[in-house]
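S.K.: Taken from TrEMBL, the feature divalent metal cation 1 binding site covers E146, D257. Residues annotated as divalent metal cation 2 binding site in TrEMBL: H186, H209. Annotated compositional bias 'Polar residues' per TrEMBL: 1-11, in sequence order. According to TrEMBL, the feature region 'Disordered' maps to 1-21.
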Amino acid sequence: MNGRQGKQTGQEQKENHMGSVHVQKHENTTTVFNAILEALPARPAVEMFMVDFELDPMFTDDIHNVVDNARQAGVVAALVCAETPSDIPKVLRLCETFPDILLPCLGIHPVQKNADDIERCVTLQDFEMAVSEIEKHAHKICAIGEVGLDFQPRITPGAEHKEAQRAVLKAQVELAAKYDLPLNVHSRSAGRPTIAALKEFGAKNVLLHAFDGRPSIAMEGVKEGYFFSIPPSIVRSEQKGKLIKQLPMEHILLETDSPALSPVKGERNVPSNVQISCDYIAKEKGLTVQEVKRITTENALKLFPKLKELLK
(Lines of atoms letter the chains of each structure in order from A and count residues from 1; the text may use other names and numbers.)
(Lines give C-alpha, C1' and ligand atoms only; values in the text may rest on other atoms or scores of the structure.)
Protein backbone atom coordinates (compact mmCIF):
# COMPACT_ATOMS: atom_id res chain seq x y z
CA MET A 1 0.00 0.00 0.00
CA ASN A 2 2.80 2.45 -0.58
CA GLY A 3 0.43 4.84 -2.28
CA ARG A 4 -0.16 3.16 -5.62
CA GLN A 5 -3.83 3.95 -4.88
CA GLY A 6 -2.93 7.42 -4.81
CA LYS A 7 0.27 9.27 -5.14
CA GLN A 8 1.19 10.54 -8.57
CA THR A 9 2.56 13.92 -7.55
CA GLY A 10 2.11 13.77 -3.80
CA GLN A 11 -1.40 12.45 -3.62
CA GLU A 12 -3.07 14.72 -6.17
CA GLN A 13 -3.86 11.99 -8.69
CA LYS A 14 -5.56 9.91 -6.08
CA GLU A 15 -7.60 12.89 -5.08
CA ASN A 16 -8.34 14.36 -8.50
CA HIS A 17 -11.96 13.28 -8.30
CA MET A 18 -12.46 14.70 -4.79
CA GLY A 19 -14.02 17.98 -3.76
CA SER A 20 -12.78 20.43 -1.15
CA VAL A 21 -13.28 20.52 2.60
CA HIS A 22 -13.04 23.20 5.25
CA VAL A 23 -10.44 22.59 7.94
CA GLN A 24 -12.94 23.69 10.56
CA LYS A 25 -15.21 20.78 9.66
CA HIS A 26 -12.37 18.35 10.35
CA GLU A 27 -11.59 19.96 13.69
CA ASN A 28 -15.23 20.01 14.78
CA THR A 29 -15.73 16.36 13.84
CA THR A 30 -12.69 15.32 15.82
CA THR A 31 -13.73 17.37 18.85
CA VAL A 32 -17.20 15.85 18.88
CA PHE A 33 -15.81 12.34 18.49
CA ASN A 34 -13.30 12.78 21.33
CA ALA A 35 -16.07 14.00 23.59
CA ILE A 36 -18.03 10.86 22.80
CA LEU A 37 -15.04 8.67 23.64
CA GLU A 38 -14.57 10.38 27.00
CA ALA A 39 -18.20 9.79 27.87
CA LEU A 40 -18.13 6.08 27.04
CA PRO A 41 -15.90 4.07 29.36
CA ALA A 42 -17.12 0.63 28.26
CA ARG A 43 -14.51 -0.82 25.91
CA PRO A 44 -16.84 -2.65 23.47
CA ALA A 45 -18.55 0.64 22.64
CA VAL A 46 -15.38 2.23 21.29
CA GLU A 47 -13.76 -0.67 19.47
CA MET A 48 -13.26 -0.28 15.73
CA PHE A 49 -11.66 -2.41 13.08
CA MET A 50 -9.99 -0.41 10.35
CA VAL A 51 -8.97 -1.52 6.90
CA ASP A 52 -6.04 -0.26 4.86
CA PHE A 53 -3.37 1.39 6.94
CA GLU A 54 -0.64 2.00 4.38
CA LEU A 55 3.00 1.17 4.85
CA ASP A 56 4.62 4.41 3.74
CA PRO A 57 7.87 6.34 4.26
CA MET A 58 5.77 9.18 5.68
CA PHE A 59 5.36 7.07 8.83
CA THR A 60 8.99 6.01 9.26
CA ASP A 61 9.89 8.58 11.89
CA ASP A 62 6.77 8.43 14.04
CA ILE A 63 5.22 5.02 13.53
CA HIS A 64 4.93 4.37 17.28
CA ASN A 65 3.02 7.62 17.79
CA VAL A 66 0.81 6.87 14.80
CA VAL A 67 -0.14 3.46 16.19
CA ASP A 68 -0.61 4.80 19.73
CA ASN A 69 -2.93 7.51 18.45
CA ALA A 70 -4.94 4.90 16.57
CA ARG A 71 -5.35 2.90 19.78
CA GLN A 72 -6.51 6.01 21.64
CA ALA A 73 -9.09 6.64 18.92
CA GLY A 74 -10.57 3.20 19.58
CA VAL A 75 -8.93 1.21 16.78
CA VAL A 76 -8.29 -2.36 17.91
CA ALA A 77 -7.04 -3.83 14.64
CA ALA A 78 -5.85 -2.58 11.26
CA LEU A 79 -4.68 -4.18 8.04
CA VAL A 80 -1.31 -3.32 6.56
CA CYS A 81 -1.16 -4.21 2.87
CA ALA A 82 1.76 -4.91 0.57
CA GLU A 83 1.58 -3.67 -3.00
CA THR A 84 4.94 -4.71 -4.47
CA PRO A 85 7.28 -7.68 -4.01
CA SER A 86 9.66 -5.47 -2.03
CA ASP A 87 6.85 -4.42 0.33
CA ILE A 88 6.34 -7.95 1.62
CA PRO A 89 9.21 -8.17 4.17
CA LYS A 90 8.51 -4.61 5.31
CA VAL A 91 4.84 -5.34 5.95
CA LEU A 92 5.69 -8.50 7.86
CA ARG A 93 8.27 -6.71 10.03
CA LEU A 94 5.87 -3.88 10.81
CA CYS A 95 3.13 -6.29 11.86
CA GLU A 96 5.60 -8.24 13.98
CA THR A 97 6.47 -4.98 15.74
CA PHE A 98 2.81 -4.37 16.64
CA PRO A 99 1.33 -7.88 16.71
CA ASP A 100 -1.60 -6.92 18.93
CA ILE A 101 -3.09 -4.42 16.47
CA LEU A 102 -1.62 -4.80 12.95
CA LEU A 103 -2.49 -7.62 10.56
CA PRO A 104 -0.58 -8.26 7.32
CA CYS A 105 -2.08 -8.56 3.85
CA LEU A 106 0.14 -9.60 0.97
CA GLY A 107 -0.56 -9.05 -2.70
CA ILE A 108 0.49 -7.26 -5.87
CA HIS A 109 -1.16 -3.95 -6.76
CA PRO A 110 -2.15 -3.13 -10.37
CA VAL A 111 0.22 -0.15 -10.31
CA GLN A 112 3.94 -0.80 -9.84
CA LYS A 113 7.06 1.37 -10.24
CA ASN A 114 10.05 1.07 -12.52
CA ALA A 115 13.69 1.55 -11.57
CA ASP A 116 13.29 5.32 -11.88
CA ASP A 117 10.38 5.30 -9.40
CA ILE A 118 7.88 6.05 -12.16
CA GLU A 119 4.50 4.32 -11.93
CA ARG A 120 3.68 1.66 -14.52
CA CYS A 121 1.20 -1.12 -15.15
CA VAL A 122 1.66 -4.41 -13.32
CA THR A 123 2.85 -7.51 -15.21
CA LEU A 124 2.57 -11.20 -14.53
CA GLN A 125 6.31 -11.16 -13.82
CA ASP A 126 5.64 -8.87 -10.84
CA PHE A 127 3.23 -11.42 -9.44
CA GLU A 128 5.58 -14.31 -10.13
CA MET A 129 8.31 -12.51 -8.17
CA ALA A 130 6.04 -12.38 -5.13
CA VAL A 131 3.90 -15.50 -5.19
CA SER A 132 6.32 -17.81 -3.38
CA GLU A 133 6.68 -15.35 -0.49
CA ILE A 134 2.93 -14.85 -0.31
CA GLU A 135 2.37 -18.60 -0.16
CA LYS A 136 5.14 -19.01 2.39
CA HIS A 137 3.30 -16.69 4.76
CA ALA A 138 -0.28 -17.60 3.79
CA HIS A 139 -0.91 -19.09 7.23
CA LYS A 140 -0.28 -15.77 8.98
CA ILE A 141 -1.77 -13.19 6.62
CA CYS A 142 -5.27 -11.79 6.96
CA ALA A 143 -6.04 -11.33 3.26
CA ILE A 144 -4.62 -11.21 -0.25
CA GLY A 145 -4.14 -7.56 -1.05
CA GLU A 146 -3.89 -5.02 -2.22
CA VAL A 147 -4.94 -6.33 -5.62
CA GLY A 148 -7.29 -5.12 -8.34
CA LEU A 149 -7.56 -2.98 -11.46
CA ASP A 150 -6.47 0.60 -12.13
CA PHE A 151 -7.57 1.90 -15.53
CA GLN A 152 -6.20 5.42 -15.38
CA PRO A 153 -5.07 6.19 -18.96
CA ARG A 154 -1.53 6.98 -17.86
CA ILE A 155 -1.28 3.49 -16.29
CA THR A 156 -3.22 1.52 -18.89
CA PRO A 157 -2.76 3.35 -22.21
CA GLY A 158 -3.52 0.22 -24.25
CA ALA A 159 -5.75 -2.85 -24.18
CA GLU A 160 -2.72 -5.03 -23.46
CA HIS A 161 -2.19 -3.22 -20.15
CA LYS A 162 -5.76 -3.85 -19.07
CA GLU A 163 -5.40 -7.51 -19.98
CA ALA A 164 -2.18 -7.72 -17.97
CA GLN A 165 -3.98 -6.34 -14.93
CA ARG A 166 -6.85 -8.77 -15.39
CA ALA A 167 -4.41 -11.67 -15.61
CA VAL A 168 -2.68 -10.65 -12.38
CA LEU A 169 -6.01 -10.15 -10.64
CA LYS A 170 -7.24 -13.57 -11.78
CA ALA A 171 -4.07 -15.21 -10.46
CA GLN A 172 -4.56 -13.58 -7.08
CA VAL A 173 -8.25 -14.47 -6.92
CA GLU A 174 -7.17 -18.07 -7.46
CA LEU A 175 -4.49 -17.70 -4.78
CA ALA A 176 -7.06 -16.38 -2.31
CA ALA A 177 -9.34 -19.34 -3.06
CA LYS A 178 -6.46 -21.78 -2.61
CA TYR A 179 -5.76 -20.53 0.92
CA ASP A 180 -9.34 -19.54 1.79
CA LEU A 181 -8.40 -15.88 2.25
CA PRO A 182 -10.43 -12.73 1.54
CA LEU A 183 -9.39 -10.15 -1.04
CA ASN A 184 -8.64 -6.45 -0.48
CA VAL A 185 -9.37 -4.85 -3.86
CA HIS A 186 -8.39 -1.58 -5.55
CA SER A 187 -10.58 -0.33 -8.40
CA ARG A 188 -9.61 3.23 -9.30
CA SER A 189 -11.17 4.36 -12.59
CA ALA A 190 -12.32 0.76 -13.01
CA GLY A 191 -15.34 0.22 -10.78
CA ARG A 192 -17.53 -1.64 -13.25
CA PRO A 193 -14.68 -3.68 -14.85
CA THR A 194 -13.38 -4.68 -11.41
CA ILE A 195 -16.70 -5.98 -10.15
CA ALA A 196 -17.32 -7.72 -13.48
CA ALA A 197 -13.88 -9.38 -13.31
CA LEU A 198 -14.36 -10.47 -9.70
CA LYS A 199 -17.66 -12.09 -10.64
CA GLU A 200 -16.12 -13.70 -13.74
CA PHE A 201 -13.20 -15.12 -11.75
CA GLY A 202 -15.46 -16.43 -8.99
CA ALA A 203 -14.05 -14.23 -6.23
CA LYS A 204 -15.47 -14.71 -2.75
CA ASN A 205 -15.07 -12.67 0.43
CA VAL A 206 -14.24 -9.39 -1.27
CA LEU A 207 -13.54 -5.94 0.13
CA LEU A 208 -13.55 -3.02 -2.32
CA HIS A 209 -11.67 -0.20 -0.66
CA ALA A 210 -12.14 3.50 -1.46
CA PHE A 211 -14.51 2.55 -4.29
CA ASP A 212 -14.86 5.51 -6.68
CA GLY A 213 -17.52 4.12 -9.01
CA ARG A 214 -21.22 4.85 -9.22
CA PRO A 215 -23.49 3.66 -6.41
CA SER A 216 -25.47 1.58 -8.92
CA ILE A 217 -22.28 -0.30 -9.81
CA ALA A 218 -21.44 -0.78 -6.14
CA MET A 219 -24.85 -2.33 -5.62
CA GLU A 220 -23.92 -5.01 -8.14
CA GLY A 221 -21.11 -5.88 -5.76
CA VAL A 222 -23.48 -5.88 -2.81
CA LYS A 223 -25.59 -8.49 -4.62
CA GLU A 224 -22.46 -10.66 -4.74
CA GLY A 225 -21.88 -10.21 -1.01
CA TYR A 226 -18.93 -7.81 -1.39
CA PHE A 227 -18.00 -5.28 1.28
CA PHE A 228 -16.97 -1.63 0.84
CA SER A 229 -14.69 0.38 3.14
CA ILE A 230 -15.09 4.13 3.56
CA PRO A 231 -12.14 6.55 4.05
CA PRO A 232 -12.13 9.92 5.87
CA SER A 233 -12.09 11.77 2.55
CA ILE A 234 -15.82 11.10 2.43
CA VAL A 235 -16.28 14.49 4.12
CA ARG A 236 -15.16 16.16 0.89
CA SER A 237 -16.27 13.65 -1.73
CA GLU A 238 -19.68 13.99 -3.35
CA GLN A 239 -19.22 10.56 -4.96
CA LYS A 240 -18.59 8.80 -1.65
CA GLY A 241 -21.40 10.72 -0.01
CA LYS A 242 -23.79 9.32 -2.60
CA LEU A 243 -22.24 5.88 -2.21
CA ILE A 244 -22.76 5.73 1.54
CA LYS A 245 -26.43 6.67 1.17
CA GLN A 246 -27.09 3.54 -0.88
CA LEU A 247 -24.77 0.97 0.66
CA PRO A 248 -26.43 -1.20 3.33
CA MET A 249 -24.69 -1.00 6.71
CA GLU A 250 -24.20 -4.77 6.55
CA HIS A 251 -21.72 -4.20 3.71
CA ILE A 252 -19.70 -1.28 5.13
CA LEU A 253 -16.28 -1.26 6.81
CA LEU A 254 -14.03 1.59 7.94
CA GLU A 255 -10.69 2.56 6.44
CA THR A 256 -8.24 5.45 6.20
CA ASP A 257 -5.92 4.46 3.33
CA SER A 258 -3.27 6.46 5.18
CA PRO A 259 -1.38 8.54 4.26
CA ALA A 260 -3.70 9.30 1.31
CA LEU A 261 -7.41 10.19 1.31
CA SER A 262 -7.15 12.60 4.22
CA PRO A 263 -10.25 14.53 5.31
CA VAL A 264 -8.25 17.68 4.54
CA LYS A 265 -6.72 17.74 1.07
CA GLY A 266 -2.94 17.90 1.13
CA GLU A 267 -2.57 16.77 4.74
CA ARG A 268 -1.10 13.43 5.73
CA ASN A 269 -3.85 11.01 6.63
CA VAL A 270 -3.37 8.87 9.75
CA PRO A 271 -5.14 5.77 11.11
CA SER A 272 -6.79 7.67 13.97
CA ASN A 273 -8.80 9.60 11.35
CA VAL A 274 -10.93 6.49 10.97
CA GLN A 275 -13.10 8.14 13.61
CA ILE A 276 -14.09 10.75 11.02
CA SER A 277 -15.39 8.07 8.64
CA CYS A 278 -17.34 6.55 11.50
CA ASP A 279 -18.85 9.86 12.57
CA TYR A 280 -19.87 10.78 9.01
CA ILE A 281 -21.51 7.40 8.38
CA ALA A 282 -23.43 7.65 11.65
CA LYS A 283 -24.84 11.03 10.65
CA GLU A 284 -25.79 9.94 7.13
CA LYS A 285 -27.37 6.68 8.28
CA GLY A 286 -29.17 8.12 11.30
CA LEU A 287 -27.27 5.85 13.68
CA THR A 288 -25.20 6.46 16.78
CA VAL A 289 -21.43 6.35 16.48
CA GLN A 290 -21.45 3.30 18.74
CA GLU A 291 -23.82 1.49 16.42
CA VAL A 292 -21.59 2.19 13.42
CA LYS A 293 -18.55 0.88 15.28
CA ARG A 294 -20.39 -2.25 16.33
CA ILE A 295 -21.83 -3.02 12.89
CA THR A 296 -18.63 -2.33 10.94
CA THR A 297 -16.59 -4.42 13.36
CA GLU A 298 -19.10 -7.26 13.07
CA ASN A 299 -18.78 -6.99 9.29
CA ALA A 300 -15.00 -7.14 9.59
CA LEU A 301 -15.21 -10.27 11.71
CA LYS A 302 -17.34 -11.91 9.02
CA LEU A 303 -14.96 -10.95 6.23
CA PHE A 304 -11.64 -11.49 8.03
CA PRO A 305 -11.83 -14.64 10.19
CA LYS A 306 -8.25 -14.23 11.44
CA LEU A 307 -9.31 -11.03 13.13
CA LYS A 308 -11.06 -13.17 15.72
CA GLU A 309 -7.73 -14.63 16.80
CA LEU A 310 -6.29 -11.16 17.36
CA LEU A 311 -9.26 -10.02 19.42
CA LYS A 312 -9.40 -13.03 21.74
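Including glycine, each Cβ sits where the backbone N, Cα and C put it.
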S.K.: Give me the Cα-Cα distance between D257 (divalent metal cation 1 binding site) and H209 (divalent metal cation 2 binding site), rounded to a whole Å.
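M.R.: Rounded to a whole number, the Cα-Cα distance is 8 Å.
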S.K.: Which has the fewest other Cβ atoms within 10 Å: H186, H209, the binding-site residues listed?
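M.R.: Taking H186, H209 as the binding-site residues, the minimal 10 Å Cβ count falls on H209.
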S.K.: Roughly how many Å separate the Cα of H209 (divalent metal cation 2 binding site) from that of E146 (divalent metal cation 1 binding site), to the nearest whole number?
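M.R.: That separation, Cα to Cα, works out to 9 Å.
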S.K.: Expressed to the nearest Å, what is the distance separating E146 (divalent metal cation 1 binding site) and H186 (divalent metal cation 2 binding site) at their Cα atoms?
M.R.: 7
